[in-house]
Amino acid sequence: MTLKRSYEPSLGIGDMLVAEMDPLLSAIISNLIPEEETRSPLYRLYGDAGILPASRILVNGTLKERLSLLQLGPLLGLGDGHEAIDLLCLVGATVAFLGLVARAHCRLASFIVMWSVYFSLVQISQSFRQQADHLLLEAGFLCILLAPTRLTDRRHPMEDIALLLLKWLVFRFMFASGSVKLASGCPLWWSLDGLKRHYETMPLPTSYSWYTYQLPDAFHRVSTIYVYLSELVVPWLFFAPSQAVRRFALWWHVFLHLNIIGCGNYGFLSPLVLTLLLTLLDDEDELLVWLQERLADEPRRRTRGKMVGRNQAGSGSEADRYGGRLVKAISLLMVVGSWVCFSVGSTNEGQLTFQPTFSRDQYLNVMQSMIRAAPLLVFVLMVKKFLQLLSSQDSVGSLAEGMRQFSKNLGLLISTIVAFTVFFMSIVPHSRLLPSTAISSPTMTRAYGGLHSLYVVNQYGRHLTKMRPMRREIILEYSDDLNGTWHEYGFQYKPWTLERGSSLPYGWLHFPRFDFKFYDGAGSKTDAQKWMYPLVQRLLEHRQPVLELLDGRHVPAQAPKYIRTSLYRFAYTSFTDGTGFWTRERLSDYFNVFSHDDTHLRDKLKQMNFRATVESSSSSWNWLLRGLLDGVRRFVGAVEGSYLLMGLFVAAGMVIYTQQQQQKQQQRAAQST
């Protein structure tokens, strides 16, 4: 990439990444949205009648927690309840959709708006916040450094440094996910059986996960080695100077994340990682050239792109040949290294066996070196990019010209300082992957804490540290008689029944946070999941917004007198059973039986500053805007979350296709005249 090309003639990797981030940030409607029906989706979790009302944070939270655009709700006559939340979602989704269908709207201001809106919503997400939110906010902030201010701007001078920081972000995420597995000492990961157990115990599995679980154990162990290579070895190739090597790393991870998308309902997490992996491509990459030819605005630009491609073909073929050889050498080294590190044998029945040939201490020593080497490598590359940036600046002949040049590049100077600050602060969470490498400097940790409070820099990899030996599920039950029959509440995505057809649905880009959160609850103590107390209270009150989080076919017609939670053990069935996906066995009570006047429940709610009664906000005086939001809410709420997102993408695709057809017709008319 060069620094002095016009922004208009070609579509570079920075532009492609900015354009791809827009549709992901458009999930601002549904990434914080759990389910369906007729009310505002966020209202079910954070509205005044939801499980964790936003007003708890906006009134009683700390200053950092209350830093949210929702504080402006009363100024617009909407209060601080679900109507203000709906407005933020609508604004963010509209800006993102416009940026997706028209490059003219994919600019710096758009990303600032989307990041600010999403940050405000994450501030009130409380217990339902996930690491996918942190990754999206961190990537969105870096895209602010990358996005151009105006359509006529030249390529952003910070493009190379910003793209390098995005590579560093996806490296940190993948490397952290892999390093903690063996570092935790979990016997399932060391025996290479962790991945098979993961298929059964992941938060929200799909039917693809059930079918994959049925494959032979040798396949699962080979797959586990593949995951180790994907997370510990291949991320280093992100920084390779060879375009062929980086393309190899890209397709390696595309295969990995397509399988992750098929196995579990992780919402927008893997699509976001795949978008960040676009930073591994160059402007001259075949994929980007193909996209340039179809997204360019004029035939002259497409012809110019083809001519540039032809002129570079001679020199590129030589580099590709050496790059192809390097890819083959790397592949061979990974195969040989895997064979050496995980000795291959066979049983008397002819089944393959794998056994790590290294100890945990040896692994930790290697990890220490890798953790320390990664930031040093990125720092060297950033300094190199910065020196190239300085050398590309126009020379000045007088002090006056120097002052004008300095004033002109003041924004560039600020962006550079921000970029290096973000990088140095990101070293703190990266170093915490092992206790022996953690940075103890109070200055660094305090600075990191300040950026982390804004989710500009975050820590990843805390999931899957120790694989759960079995799947436990929390089942909600209700009854009108303590000695009578207990009935179960139904769920949309979480396993709770034995039937095959309804227990393993797909959410696609939609992130079902409510069902997902039960996975954390089943693996921890009761008091660690305080959100369960407001949930029980809302169910005893028979609040409709919370009931819409559940499967409506398994909800009582009126408020029950008693609610309890049971802990079940779930296990996958086999092909030969023919009884569906699951078998289950009740283990114990998770919560005691609660009633509406239970003193223990009231004490817990009081400790949380939770208001059982729903109070209407007196500052909601803007009836016109409230009516508009209510109409949009009812329209959007009538569509299930995954269908809503797919519909938005299809609509955007149709708009883009229509625009291209109109451009072609205009070009034919111009040629005919």
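Just so it is clear, glycine is given a Cβ too, placed from its N, Cα and C backbone atoms.
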Subject >> Per TrEMBL record, range annotated transmembrane segment [choices 218-238, 323-343] >> reply: 218-238
Original post:
Looking at 218-238, 410-428, 635-657, which one has the highest count of Cβ pairs under 8 angstroms to the transmembrane segment (164-190)?
Top reply: 218-238
Original post:
Using DSSP, what's the helix, strand and coil tally for the domain 'Lipase maturation factor 1/2 C-terminal' (456-591)?
Top reply: 34 helix, 34 strand, 68 coil
